[in-house]
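According to TrEMBL, the protein carries these features:
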type     : residues : note
DOMAIN   : 2-75     : domain 'RRM'
DOMAIN   : 81-156   : domain 'RRM'
REGION   : 157-189  : region 'Disordered'
COMPBIAS : 161-173  : compositional bias 'Polar residues'
COMPBIAS : 174-189  : compositional bias 'Low complexity'
REGION   : 585-605  : region 'Disordered'
COMPBIAS : 588-598  : compositional bias 'Low complexity'
Amino acid sequence: MNKLYIGNVSAEASEEDLESVFKQWKIPHSGPFLVKTGYAFVDCPDEKTAMRAIDVLSGKVELHGKVLEVEHSVPKRQRSCKLQIRNIPPHMQWEVLDGILAQYGAVEGCEQVNTETETAVVNVRYATKDQARLAMEKLNGYMMENYALKVSYIPDETATPEGSTTGGRRNFNSRGPPRSGSPGLGARPKVQSDIPLRMLVPTQFVGAIIGKEGATIRNITKQTHSKIDIHRKENAGAAEKPITIHSTPEGCSNACRTIMEIMQKEAVDTKFTEEIPLKILAHNNFVGRLIGKEGRNLKKIEQDTGTKITISPLQDLTLYNPERTITLKGSIEACSNAEQEVMKKIRESYESDMAAMNLQSNLIPGLNLNALGLFPSGAPGMGPSMSNVPPPGALGGCSFGCSPYGGEGPLWASMLSASSQPLAQGQLESETVHLFIPALAVGAIIGKQGQHIKQLSHFAGASIKIAPAEGMDAKQRMVIIVGPPEAQFKAQCRIFSKLKEENFFGPKEEVKLEAHIKVPSFAAGRVIGKGGKTVNELQNLTCAEVVVPRDQTPDENDQVIVKISGHFFACQLAQRKIQEILAQVRRQQQPKPAAGPQAPTPRRK
């Protein structure tokens, strides 16, 4: 993409005028300017120079009273499904851009392009040319955080006549490493790039990390092939600011080490005498596995690296702050080695969870797992203001439009309603679910002085109680959860997740639990179906084991138990399907409304 199109050229402008502009801004060109009425073309020696010309000149330089528009020149026959979007705000959240892109079609790929400019550049591939054309029309000039986006086609070189391909061009897929947080509508980047490295740095060192006019941070980004977001506006007045680093594990570690060295040098220059530890932020879901049983994993990292590692207490967590602070003390070399081991454990935990989740993601169309609180959001800033977890009791608290995946419709409507009816049609009835957990896990669910179960109850908007043990040797305990569907979903989600965090299941083992729900005895046959057809279909659809034990004696409320066993998503889908069957039964049991008064039939005389 070395050839440039220069638009909005004044009729008075000549080839010499354009040469003068390029010379003034020190932009070389490899051929003469081809000047037409209102526009011109020119070749640059390489793609890097062409991109610099676009960033420096387009919309910023005036010639004979007209502001020049500069973009890649792509003939119509080469306009493809691929676009390049430039002038993206440097500290924007990628999820915002992903949501905007998804409005115009299915995004099959989105990659960051490494440039020396302050603003970001991405290459986007849509599923069809029509979608790319629509995005081109709508997004070119689109204002985002006071930055006007600049969009141009990336040539489809397969459409170029044989022998006319420019040798210096590279194909789309080779343009820089995949960026973290790509839309989930197409092929995703490798799992290792989905977890950024999150750091906390003292606010007084932020200026040194950024450098004069951003020179230092740009240099770090270039050397380590990473994208670095410094969240300066987060937590105004706070003593520390979060930094998010997106790259390969090696790139993240190199960037982290460089930042530590800059802080150490700044501390010496400013005579800052306090120790500067390395502080890593990690989602609470992964911390239990990082610590390991009886703290073995953490102790091993400390011994191997010669560092002292502490982790912030659970009490510091809130609904909107799911991260724990891991503090590493030691030399820069030791802290750097420890960071690599810590992040290795976190990435392994994430990969394990994602593998388990992906097994069932096809069962629940449109499911946005990032909004559930079971997995980290993967956002550039996963701190308090970035959490996508809906507030307690919120129906449709997060829509697809605010998610990394784009799309439409409320999350809970797609997840909790097995039918296609929206949840907002009326109040949802409260449900009771008995969930059976390992007896040894009761303490972890209750928490110190009952703090965890109280927070969980508040978060989910449900009543959560643990029934007394049935005998001294009971291996399981019953958790009684009472609340509407969205409360059931959130409460059970966190219980499954907690058991995984606290290592009650192995790192590569799925958390599978048994849940009991009670149904009216007269409805049990509908759940089973003729010849067991319905229950078999349920099991095939959800991958959960669904059993209605025979010869049950109904309880005092004329109800019998349906047993559901499986991992979280399977259990949830089975529960929702069974509740849909019960709702149909209830509707059929309701007496039909009496007909209105009818005129008396006249007697025959």
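For all residues, glycine too, the Cβ spot is worked out from N, Cα and C.
What TrEMBL says about a protein is an automatic prediction, not a curated fact.
In the domain 'RRM' (2-75), the DSSP tally of helix, strand and coil residues is 21 helix, 20 strand, 33 coil. For the domain 'RRM' (81-156), the model's average pLDDT works out to 79. Helix first, then strand, then coil: DSSP counts for the domain 'RRM' (81-156) stand at 20 helix, 32 strand, 24 coil.
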